[in-house]
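These features come from TrEMBL:
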type: DOMAIN; residues: 12-199; note: domain 'DH'
type: DOMAIN; residues: 228-327; note: domain 'PH'
type: DOMAIN; residues: 361-421; note: domain 'FYVE-type'
type: DOMAIN; residues: 447-544; note: domain 'PH'
Amino acid sequence: MNDPETETNEQKLYKIANELLQTEKAYVARLNLLDQVFCAKLMEEAGKGTFPVDVVKNIFSNISSINAFHSQFLLPDLEKRMGEWESTPRIGDILQKLTPFLKMYAEYVRNFDKAMELLKQWTDRSPQFKALIQDIQKQEVCGSLTLQHHMLEPVQRVPRYEMLLKDYLKKLPQDHVDHRDAEKSLEIIAMAATHSNTAIRKSENLKKLLEIYEMLGEEEDIVNASNEFIKEGHILKLAARNTSAMDRYLFLFNNMLLYCVPKFSLVGQKFTVRTRIGIDGMKVTETYNEDYPHTFQVSGKERTLELQASSEQDKEDWIKAFQETIEIFHQKNETFKTASKEVEEVSISELGKRAPRWIRDNEVTMCMKCREPFNALTRRRHHCRACGYVVCWKCSDNKAPLEYDGNKMNKVCRDCYSILTGHTESEEKEGKKKGILEIEAAQFSGSSIMYGFLQYCEKNKPWQKVWCVIPQKEALVLYLYGAPQDVKAQSTIPLLGYSVDDTTRPADPPASFRLTQSKSVHSFAAENEELKQRWLKVIRVAVTGEVPECLPPVEPHGTEDGFSRSCGAA
C-alpha cells in the first residue's frame, strides 16, 4: 500500500478517479434497489388493487430515469475510462455529461418531503403495504437499512460529485488537458450542490431521526421535519429510594428529551423509551453528591431525573446542550408570542377589510407560520398583506383580493388565503414550488441530430414558438431556445425516461405531441404531420437511452415555423 506522503501526483489523481468509480458502483446498486426492487414490487402489488398505483408513483417520483442514466451511461463510461487510464488519464469530460441531467434531481428533491409523508401515511393505513416493505428491508441487499434511508441517497449524491471534483482539481496541474473540462463540470455541479444545501441539511437530520427511530423499535413517532436532533449518549440514573445507579440512554431534540432504557439486541443498539419530557418548562441544575460525582438534575413537567455523567467534562457538555436547547426554544416561542400579540387587533371578521399593522422585520427571527428560521438567501422575510405577519416565501406564495385595497390581488399567507377564498393552498398550488436544483443551461455549439421551430406549451401556459435542438454530443437532451442565434437555452429537457404521447387532443393544435414523466408534461406542435413524425422518430429513440440516428435533411416548408433540419450545424 502506498504511503500518502510518497505518492506521486499522478497516483493521487488515479486514486480520486477510482474513488469516483467505486462510489458510483455503490450508488447504482442503491438506485437499482429502489427502482427494480422496492418500486417494482410495490407497483406489482398495487396492480392487484391492494393500494393505489399513484401512491407508489408519487413516492418514487422519477427514480427510474435517474437509475437509467447512471446505470446505462455514467457508470459504463467511468468503468471504460478507468480501464484505459494510462492512455487517457481524465474524468472532467465524462462528468460534463452529467450536468444536463441534474434537472432530474430537481424533480426528485422537490418531491422528497411529499414522498416521506406518503410513505408514512400508507405504512400506517395499509398492512399489506407495510408488510411488503418490511419483507424487502429484511433482505441482505438492504443492509439492515429502511426504505427511507435508501431514498436519501439521490438527495446526497450531487454534493459528493462536487467534493471529489474539488479534490481532483487541487491535484490537477493547470496545463493538464482535463483542467478546462473538470473546471466547467465543477462550476455547474457546485451550483446545483449549493442550491441543494437546505435539502441536504434536512436530509442529514432526517437520516439521524430514522436511525433513532429504528433504535427505538420503530414505535416512537419522531420522524418529523420539526424535530431536530441535538445530542445523545449513555448516562446513569440515580434511584430515588437508594443510592444505586442504573444505566440509561438520552436522546435530546430541539423540543423534547427521550429518557430510554437499553434493550438486549444481537444487531445494533436498541432502546425502550421510558419517558418523553418536553423542553417547554424544563430546568437543568448542577447537583452535588458525595458518593456519586458529576451529577445534575433535569426537571420537566412530566418528570424529574437525577443523572450522573461519566466525567466532569461529560457533565458540562450535557448541561451546556440542555441550556442552549432550552434557551433557543424559549427565544423562538417568545418571538412568536410577542409578534402574535401585535396582530391580534385584526379579527377574522375584519380580515382583508382593514389594513393590518405590519410586524417589523427585526421583531421576528423565524416564519410566523411554519416557524422555520429566516436567512438572507433561502428563506427571506415577506409580509402578509391581510394579517401583517412576517412569513417566508413558502408560506406567502398566494394572492387574494383585499377589500381595503380596492379588491386588488395582494400577497397573503396561507391561513389568510384559506379564510379569504375558502380554498386551501394545496388545492390551488400543487406542484408550483420551484426546484432547488434548477441550473442555467450550458451553451452548446457544433452539429446536431435534429433542430427546428416547434410550438411549445408547458402546463397551462400559452403556446409559444421555440427553437428546438437535439445536439449530437448530447443526444438525449432537448434544448429549447427563444431564437436560432441565442447563445443560451431557455430550458432543457433530459429525454431519458420520458413517455411519448402523440394522440390527438381537441384543445391542442394539429400535429401535436406530448412528453410526460411523473407530473411533468411538455406539449409540442409541428407545422405539419411530416415534421411531427420526423421529430417523433428521433425522440422515441432518445427516451429509451439509445442515441438516435441522423435523418436526411429536409428543406423549409415555406414558413419559418416549419423549418426543420437533421444532422446539420445548428
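Along the chain as shown, the residues are counted starting at 1.
Each residue, glycine too, has its Cβ placed from N, Cα and C.
Confidence for the domain 'PH' (228-327), expressed as mean pLDDT, is 88. Residue counts for the domain 'PH' (228-327) under DSSP, split into helix (H, G, I), strand (E, B) and coil, are 16 helix, 50 strand, 34 coil. The DSSP breakdown of the domain 'FYVE-type' (361-421), given as helix, strand and coil counts, is 17 helix, 16 strand, 28 coil.
With helix defined as DSSP H, G or I and strand as E or B, the domain 'PH' (447-544) counts 14 helix, 44 strand, 40 coil.
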